[in-house]
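Take a look at the structure set out below.
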Amino acid sequence: MAANFWTSTHGTNWLLSRQALADCRKIDRQYVNEQDLIKVNIWFAQIITDLGRRLQVRQVIIATAITYFKRFYTKNSFRNTEPNLVAATCMYLACKIEESPQHIKAIITDMKTIMQERGENFTYENQKVAEMEFYLLEELDFNMIVYHPYRSLMTLAQDLGTKNEDVQWAWYVINDSYRTDMCLLYPPHVVAAAALYLRIALRGGAQYGDYSLTSTTSTANDNSVAGVTTRGAKRGAAAAASNNNTNTTANETPKVKDIRLWFAQLNVDLEHISDIVQEIISLYKLWGEEDKQNEKIREILTRLLK
Amino acid sequence: MSSFQAPEEEELQIENKYLKEKKIGEGTYAKVYRGTERATGRTVAIKKIKLVQTEIGSQGIELSAVREVKCLRELRHPNVIELIDIYSHKSNLKLVLEYLDSDLEMIIKDKSILFQAPDIKSWMLMTLRGLDHCHRNWILHRDMKPNNLLVGKDGQLKIADFGLARDYGDPHAKNMSPQVVTRWYRAPELFFMPSQYGYAVDIWSVGCIFAELLLRTPYLAGESDLAQLELIFKALGTPTEEDWPGFSELARDMKFQKYSRTPLQVHFKAAGSDAIDLLEKMLTYDPNKRINTREALLHSYFRKLPRPTPPDQLPKQQKIQENAIQQNSKPSIQNRGELTEHRNKRKAQEISNKSEKKIHRS
């Protein structure tokens with residue numbers, strides 16, 4: 001991680017403690033319980049992701065937009081705002097900030113389509129989004145540069161000599177982590193380390209490099225749970241989680257690294273890593289439920305937004 | 001919610017704190033006023049950002065304004081302009097910035113000022129320190145030129161105008177526009193339209209500024225993009241595949257006259273060998289081999305005597321721009337720019353006439 005992450009606005013102003021985050025959400029919690037609020041956050045992260053996909057923007061832009069959305073809601077409650085408008089504006093601003101500006105009309109058109117797919121209407125026009133942009137900027141305290149775990153992942157992966165397949169997988173885990181509060185709680189390099197840990201350490205094997213053996217085991221497990229879930233890296237996560245008892249004998253090649261030692265030497269608190277890993281695993285559980293319960297989220301949103 | 005705040009209220013807030021004096025310029029996306037911070041008496045620039053209005057309605061805040069705020073919000077360094085305050089209300093954004101009444105371009109052009117070697121070293125040191133701070137925060141300036149290096153009454157130099165700057169953290173950054181950096185300070189790789197470039201483009205510009213400080217005239221003042229390349233090659237030798245791996249691939253559709261390299265010492269007679277060595281490392285063709293800010297700051301040029309002049313002892317312009325302020329400082333800077341451009345036009349014209357014959361697109 002860049003030495004200057006800690007002096008950036010992200011490092012100094014936007015890493016919250018769990019307690020501080022809970023305090024931010026007091027108003028919303030009057031209407032819905034904690035689990036429901038998590039579902040609401042997954043719901044809006046999905047809307048922003050879908051909007052980004054339609055606009056064909058880079059993953060980093062989606063991540064920035066979701067981070068803006070989450071930061072905005074540390075200072076505002078869902079009840080007093082119009083989250084669909086906020087979501088669209090976050091994407092609009094993120095595109096500008098990441099140097100891929102989109103036409104305001106394009107954002108609105110695609111947002112309309114996405115909301116229609118969900119049986120809702122998006123009725124805001126240009127002027128509304130432009131005004132919201134000002135308000136959003138103000139609530140972000142004009143701190144617009146967001147650090148993401150992707151770059152750290154690349155650095156870490158290179159150091160460990162990670163296989164492409166594993167890097168790709170960890171990349172998906174990072175994408176999914178934006179559905180949780182991790183981007184508000186932990187610095188990006190810790191999230192990156194956790195994503196790698198989830199893939200590599202939990203899959204079993206004390207050493208990295210004994211690849212062929214673990215890889216086949218993992219595939220077998222993938223198949224066994226294939227029916228349960230399909231989206232994103234979920235399948236792999238389930239496999240990794242169910243697979244952590246598998247012990248593979250070390251293949252003594254010079255490239256093999258002791259995983260525990262490697263993670264221990266990272267200068268990252270292992271407790272933080274395991275906290276993130278837990279969050280992500282429970283995200284995958286909850287996310288699966290949310291799939292089947294579209295009705296449920298609608299009921300929650302009605303209660304929350306009135 | 002602040003959007004319910006009356007506009008007058010926001011105006012009042014700003015007026016309580018700052019005394020607005022006069023309009024000193026109007027750019028594409030902002031009106032700039034000079035003012036004074038009531039509490040401290042320091043001079044500030046108040047930049048009122050305009051909203052982009054197109055035929056289809058509002059487009060929100062202009063991109064370069066967003067860039068400037070985005071970058072300045074992350075940066076805090078004695079050699080980077082300070083963003084003191086931001087006021088926003090509905091469709092109204094005002095930035096309060098440090099105000100400095102001179103810039104390096106004015107100083108270079110003021111022929112009544114004599115530059116000593118330690119003065120040049122001092123300006124270079126401040127420029128590189130400020131730029132190093134930007135780069136360490138993953139921010140590319142993309143428009144380094146003497147006109148954007150402001151100089152205060154205390155002699156401190158500050159990098160300004162981040163309207164083109166962008167952050168460069170994304171390993172998958174593509175589609176970076178090569179149409180950045182004022183031509184004379186533009187790195188050679190930018191002429192070949194790569195969509196990816198990096199911090200090295202800022203270093204090239206600083207190299208050109210260094211040369212300009214030594215020569216007291218723009219070093220490579222090309223009239224057109226092609227003429228600019230021709231000028232660069234003439235001054236530094238046409239790059240070979242060895243100088244710049246991949247060059248022949250980049251330039252495969254163009255043919256360039258093969259100039260051989262003249263040692264820089266020939267052209268920069270007054271400069272010491274350390275200065276020449278640093279200049280050479282900044283004006284290295286291969287962006288991967290070009291020196292970075294860290295290495296440059298550790299270069300022997302800065303470690304050896306003479307020591308850089310302390311900022312407050314640097315030569316200043318005598319009559320500090322009273323007229324410039326009276327007749328809008330920004331336009332006057334532009335006028336100066338045009339003057340040099342005229343001066344260089346003839347020279348550049350000659351060169352480009354010649355170069356037309358040598359450069360063929362196949």
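Here the Cβ of each residue, glycine as well, is placed from N, Cα and C on the backbone.
Whatever TrEMBL says is automated annotation, not expert-curated.
Taken from TrEMBL, the feature domain 'Protein kinase' applies to B:18-302. Here TrEMBL flags B:Ile24, B:Gly25, B:Glu26, B:Gly27, B:Thr28, B:Tyr29, B:Ala30, B:Lys31, B:Val32, B:Lys47, B:Lys48 as ATP binding site. For B:Asp143, the entry in TrEMBL reads active site, proton acceptor. The annotation region 'Disordered' is assigned in TrEMBL to B:304-362. Here TrEMBL flags B:315-337 as compositional bias 'Polar residues'. The feature compositional bias 'Basic and acidic residues' is assigned by TrEMBL to B:338-356.
Comparing Cβ neighbour counts within 10 Å across the binding-site residues B:Ile24, B:Ala30, B:Val32, the minimum falls on B:Val32. The recorded positions B:Glu26, B:Asp143 differ in how many other CB atoms lie within 10 Å of their CB, and the one with the most is B:Asp143. Here the Cβ of B:Lys48 (ATP binding site) has 18 other Cβ atoms within 10 Å, regardless of which shown protein chain they belong to.
DSSP assigns B:Ala30 (ATP binding site) to a strand in the three-state reduction. For the recorded site, B:Lys48 (ATP binding site), the DSSP three-state label reads strand. You'll find the Cα of B:Glu26 (ATP binding site) roughly 19 Å from the Cα of B:Asp143 (active site, proton acceptor).
Taking the C-alpha positions, the distance from B:Ile24 (ATP binding site) to the residue listed as 'active site, proton acceptor' comes to 22 Å.
Cα separation, the residue listed as 'active site, proton acceptor' to B:Ala30 (ATP binding site), rounded: 18 Å. In this structure, B:Ile24 (ATP binding site) is part of a beta strand by DSSP.
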